[in-house]
Amino acid sequence: MNKKSLPLMALRDIVVFPGVIAPVFVGRQKSLHALSNTTLSEEDNSKYILVTLQKKFDQENPNRNELYDVGILAKVIQIVKLPNTTAKILVEAIARVKISNIKGDEAFEANYEIIPDEEIFDANNMRSLVDNAVQLFAKYAGSDKKINAEIIETINKEISETSNFINIINILASHLITSLEEKQRLLEETSPFKRISTIINILTSNIVNSETEQALQQRVKKQIEKTQRDYYLHEQMKAIQKELDEDKSDLAEFDKKIKAAKLSKEAREKAEAELKKLRTMNQMSAESGVTRNYLETLLSLPWGKYDNSKIDINQAEKILNRDHFGLEKVKERIIEYLAVLQRSSKIRGPILCLIGPPGVGKTSLIKSIAEGMGRKYTKFALGGVRDEAEIRGHRKTYLGSMPGKILTQLKKVKTSNPVMLLDEIDKMGSDFRGDPASALLEVLDPEQNSHFVDHYLEVEYDLSNVIFIATANSYNLPRALIDRMEIIDISGYMEEEKIQIAKNYLVPKQLKMHKIKKDEITISDDAILDLIRYYTKESGVRSLEREIGALTRKALKQILADKKVKHISVDSNNLEEFLGARKYNFGLAEKNDQIGSTTGLAYTEVGGELLTIEALSFPGKGEIKTTGKLGDVMKESAMAAYSCFRSRAADFGLKYEDYKDFDVHIHVPAGAIPKDGPSAGCALFTTIVSLMTKIPVRRTVAMTGEVTLRGNVLPIGGLKEKLLAASRGGIKTVLIPEENVKDLKDIPPNIKSSLEIIPVSNIDQVLEHALTKKT
């Protein structure tokens with residue numbers, strides 16, 4: 001075909017199909033110019049124009065690259081100019097065309113070439129597809145309320161007036177409710193079969209969506225009608241009850257409870273006011289539910305209810321000794337506390353706080369205290385608590401509000417004088433929701449807790465009869481909180497104590513738990529000692545109990561699997577057969593006296609340990625280097641020890657030239673374990689002196705103590721645990737600070753008898769006992 005040129009107009013929101021007459025609103029300048037450039041055709045004295053869809057709807061002035069290259073050759077049937085410089089035109093789409101060579105600035109003009117439809121070879125198949133599409137369109141138009149009835153009638157008329165399949169397809173396509181991009185793809189498609197198939201798919205999808213939307217609307221309508229009906233029936237029932245003057249049983253029950261409860265004057269007035277308010281409320285309202293919950297909570301608290309406890313310190317002492325081995329000083333302090341309570345029902349002394357590592361029996365001690373006092377026991381776990389409302393409660397204006405855990409626990413035990421454990425008090429945090437530690441100050445202060453006000457209750461509640469006892473693993477507590485409590489340290493158990501606990505408590509408990517008779521298994525003391533040393537590493541006995549449990553299960557399995565086995569004996573020789581290879585090792589003394597290697601003593605959260613400190617020297621700048629994952633305090637101890645050595649080098653027969661060009665590298669194995677603290681000063685100094693003087697350190701000597709720059713030895717902590725580690729590791733002599741001699745009275749006699757304990761006050765005394773010869 002010959003190419004021709006015509007004005008081109010970009011359409012924003014409509015795709016016109018061949019054979020369809022469509023109205024077009026023209027408002028953009030380029031479109032108006034293109035319309036004015038149309039001229040009368042010589043053939044039929046009509047105006048023709050090219051129209052095509054722009055690719056982006058919101059593009060105000062699209063360029064030639066932003067127009068689709070397949071459009072329509074249209075005849076302008078009518079032009080109506082509107083007052084606001086716009087126009088409305090009526091166009092008849094003549095044919096689909098390929099647009100090319102677009103040009104022009106004020107108005108587009110382009111060449112075009114008509115694109116014919118492909119020939120229809122199977123008329124019968126096409127007829128059935130077209131009929132199917134027409135039926136689907138009628139069904140969709142009938143189900144979708146968005147399509148006007150007049151439009152449906154017009155479309156049906158257009159379809160009935162033509163027998164041309166292509167025209168029917170174009171009429172259906174022009175009235176489809178789908179995206180402009182989808183319509184443009186239909187226009188560009190030259191195959192009638194593909195076009196009608198796409199139309200059928202779109203209509204089918206639209207029908208499914210329409211039916212789904214209608215079903216959803218119907219369900220929503222029914223739900224609204226049901227809600228309105230229920231509300232009407234409730235209101236009608238209330239009106240009938242009011243006419244009959246019937247009492248509301250639940251409100252009458254509240255009234256009885258208020259009269260029967262031993263409420264304080266303030267609480268009674270508050271309860272009566274809330275009940276009066278509840279009587280006038282709509283029972284279906286949200287506020288009614290809030291008020292009802294408040295009254296239920298207020299009346300469920302144990303107002304004026306106390307256990308008739310009678311403290312007998314002799315009986316309490318028996319209970320403590322029955323449930324706990326060792327811990328003599330701790331039990332003595334608890335008995336003193338109970339003795340004061342026996343004489344005075346209202347104690348104004350400090351709150352007890354038991355501080356010690358996990359598994360040493362802090363929680364079970366408090367249970368025994370409650371039993372010894374004849375009071376109920378309750379627990380408030382503070383670990384991870386960050387919200388102040390956990391202590392003081394939420395104000396009842398908030399959705400889902402409730403009282404704090406203090407009052408919740410009292411409600412649970414139904415008494416106002418229980419023993420309440422504040423567990424893991426050192427694990428509390430604080431964030432934007434408040435500081436629970438500060439909220440606890442009021443609870444733990446004997447001068448204030450008789451007037452404790454929970455935010456939810458909004459009335460005072462007397463907590464002065466509650467015995468609060470806290471537990472913690474460390475001293476990481478706010479200063480103000482520590483001031484309100486008396487700290488009782490619970491150190492870890494000695495090996496001998498663990499053996500007795502295992503024999504008298506843990507083994508019988510596990511045998512009973514696993515239904516094993518005493519004559520079916522025997523665990524020797526040596527096996528228990530190996531369990532403690534090689535399968536656990538703790539201050540308490542929790543892991544020990546787990547290992548004993550594993551041991552008894554293995555034994556039970558053997559007994560049940562082999563009927564010939566009637567008794568199993570476990571000792572140190574066959575322990576690994578039950579529990580596998582050893583998990584831990586403890587430090588042992590060196591096999592030989594070493595130069596530049598000293599045995600120190602460390603105190604960790606799992607007990608005492610031998611700490612090997614070694615050093616090397618090599619050419620350098622006279623500097624000191626430390627490795628072994630040492631903390632800041634221990635690094636500073638090493639620097640202080642090195643400075644002390646350099647100031648005394650002449651006393652050891654060394655000249656400045658002997659060490660000024662040498663670096664000292666101090667290492668503390670194992671390198672992966674963090675270490676910190678000042679008590680390694682003596683060992684660090686001895687290591688440096690031994691290295692520089694080439695005098696070995698006695699392998700049977702261990703030491704602990706902090707060293708000052710002037711060579712004085714300062715006291716340390718954890719002496720009992722350190723001496724136990726020394727005795728266990730084959731150490732014969734231990735050097736301790738002279739100021740720690742007072743602590744030796746707390747050391748078990750068997751430990752003191754196995755060691756030569758030498759007090760030292762300065763570094764000269766340390767070197768005298770530690771080095772194999774005098775410097």
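Using N, Cα and C of the backbone, Cβ positions are placed for all residues, glycine too.
Marked as active site by Swiss-Prot on the basis of sequence analysis: S679 (among others). Under the DSSP three-state reduction, S679 (active site) is assigned to coil, being neither helix nor strand. With a 10 A radius on its CB, S679 (active site) counts 27 other CB atoms from all the protein chains.
Sequence-distant contacts (6 or more apart, same chain, Cβ under 8 Å) of K722 (active site) comprise L601, A602, Y603, G608, T704, I716, V734. DSSP assigns K722 (active site) to a helical segment in the three-state reduction. As annotated by Swiss-Prot, active site applies to K722 (among others), with the evidence given as sequence analysis.
Feature annotation from Swiss-Prot assigns ATP binding site to G356, P357, P358, G359, V360, G361, K362, T363. In sequence order, E538, S539, G540, V541, R542, S543 are the residues of the chain that are 6 or more apart from G359 (ATP binding site) and have a CB within less than 8 Å of its CB.
Annotated domain 'Lon N-terminal' per Swiss-Prot: 6-207, in sequence order.
Per Swiss-Prot, the feature domain 'Lon proteolytic' maps to 592-773.
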When the number of other CB atoms within 10 A of each residue's CB is tallied over all shown chains, which of the binding-site residues G356, P357 has the maximum?
-> G356
In three-state terms from DSSP, label V360 (ATP binding site) for me.
-> coil
What is the pLDDT of the domain 'Lon proteolytic' (592-773) when averaged and given as a whole number?
-> 87
Within the same chain, the residues at least 6 apart in sequence whose Cβ is under 8 angstroms from that of V360 (ATP binding site) are L327, I490, S491, G492, Y493, S539, G540, V541
S679 (active site) versus binding-site residues G356, P358, G361, K362, T363 - nearest by Cα | G356
Other CB atoms within 10 A, centred on P358 (ATP binding site) | 17
